[in-house]
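One structure is given below, encoded as structure tokens.
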């Protein structure tokens, strides 16, 4: 006598769970698309800075104009300035990247 009641309750619970599962899936598929976070370069620094590495550090393309390089340099330096708790090493690499992109430096002038 109790077995049919337990079986009925189990079927009802499965039906309710299935219904809410389907509703949750439909809500998930209908959600607005949120842009994903931008992926950053995960590698380390090269022994001699190249134009490609400088562009990766500043977050610009290799064929960018000088104004965009200066804007990117300012944005990255604000986030990594030593006076705001950033690293002196990173600040020197950011400055070196700006010089490389602007054509002021051919070889690595970094002390690190």
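Don't overthink the numbers, they just go from 1 along the chain as shown.
Just so you know, glycine gets a Cβ as well, placed from its N, Cα and C.
Look at Swiss-Prot and you will find 2 tagged as N-acetylalanine, backed by a large-scale study or a structure entry. When other Cβ atoms within 10 Å of the Cβ of residue 2 (N-acetylalanine) are tallied across all protein chains shown, the result is 6. Under the DSSP three-state reduction, residue 2 (N-acetylalanine) is assigned to helix.
Per Swiss-Prot, transmembrane segment is recorded for 6-28.
For 53-112, the entry in Swiss-Prot reads domain 'J'.
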